[in-house]
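Visitor: First, the structure itself, so that you have it in front of you.
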Amino acid sequence: MPLELVTVPCLSDNYAFLVHDAASGETAVVDVPEAGPVMAALAERNWRLTQILLTHHHGDHVAGVAALREATGARVAGAAADAHRLPPLDLALAEGDRVRIGSEDGTVLEVPGHTVGHIAFHFADSGLAFTGDSLMAMGCGRLFEGTPRMMWQSLRKLSALPADTLICSGHEYTQANARFACTLEPENPVLIFRVGSIAAARKEGRPTVPSQLSDEIATNPFLRAGEAALKAAVGMADAEDAEVFAEIRRRKDNF
């Protein structure tokens, strides 16, 4: 049976994710921007929290960890490389390590760029990838610590996951990201269609996260930096893919 996913809005535009295994009763949360909404979502479902999985060290992803750990006794797992600036870890993780929820193993992927110690969690059997602020719906995280080439390689790693994977990213930035994408390719019909779908979802108050990887591959400019059409759109037809990515990221930073 696939893991059950609940998207929990936090702060002004963050998301935490509850991941529940019905057979065992185990529940994990991925990132804890604040404890209150996560505890409310657990109580509403009468779920028992057993694990806290962290993608990176930024405060808007870990601020609620201490309170949630104290309330539930859940074990905390995060990147070994960032152990010195994460809340105290019970389990320090690196590329290829496994985390288990019930009977399903998830694989740890190192995806530096937004931060140098950023990790993602891929639960292949349930088709879920928790990407934090690396790959995001219609976008990617700012490069606060890593280089453009580093982030491009991380995005390529994530884009190689199965196309029907649900990308569970950390923020509701999708509509702004879509507006930026339209400045690059204002006449791209696939992009225009997705922009309309995003606008409709937000008008109805629905989250646009998670998104499907196939949609990101088709419309997310940060995943498409290697495509001839997008290279031409930014005037870099003969440039290396990582250089095109860097230019797209520069433009987004100034958008």
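The chain as shown is numbered from 1 upward.
Here the Cβ of each residue, glycine as well, is placed from N, Cα and C on the backbone.
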Visitor: Please identify which of His84, His114 is recorded by Swiss-Prot as part of the Zn(2+) 1 site containing His56, His58, Asp133.
Guide: His114
Visitor: Based on Swiss-Prot, name the residue from His122, His171 that is recorded for the same Zn(2+) 2 site as Asp60, His61, Asp133.
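Guide: Only hit among His122, His171 in Swiss-Prot's Zn(2+) 2 site, alongside Asp60, His61, Asp133: His171.
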Visitor: Which residues, in sequence order, are found in the same chain with Cβ within 8 Å of the centroid defined by the Cβ atoms of Asp60, His61, Asp133, His171 at the Zn(2+) 2 site, excluding those residues themselves?
Guide: Asn14, Asp31, Pro33, His56, His58, Gly132, Gly141, Gly170
Visitor: Give the distance between the Cα atoms of His114 (Zn(2+) 1 binding site) and His61 (Zn(2+) 2 binding site), rounded to the nearest whole Å.
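Guide: Between the Cα atoms of His114 (Zn(2+) 1 binding site) and His61 (Zn(2+) 2 binding site), the distance comes to 13 Å.
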Visitor: Enumerate the residues of the same chain, His56, His58, His114, Asp133 excluded, that satisfy the criterion Cβ within 8 A of the mean position of the Cβ atoms of the recorded Zn(2+) 1 site; list them in sequence order.
Guide: Thr55, His57, His61, Thr115, His118, Gly132, Ser134, Gly141, Phe144, Gly170
Visitor: Give the helix, strand or coil assignment DSSP yields for Asp133 (Zn(2+) 1 binding site).
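Guide: Assignment for Asp133 (Zn(2+) 1 binding site) reads coil.
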Visitor: Can you count the other CB atoms that lie within 10 A of the CB of Asp133 (Zn(2+) 1 binding site)?
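Guide: A 10 Å sphere around the Cβ of Asp133 (Zn(2+) 1 binding site) contains 26 other Cβ atoms.
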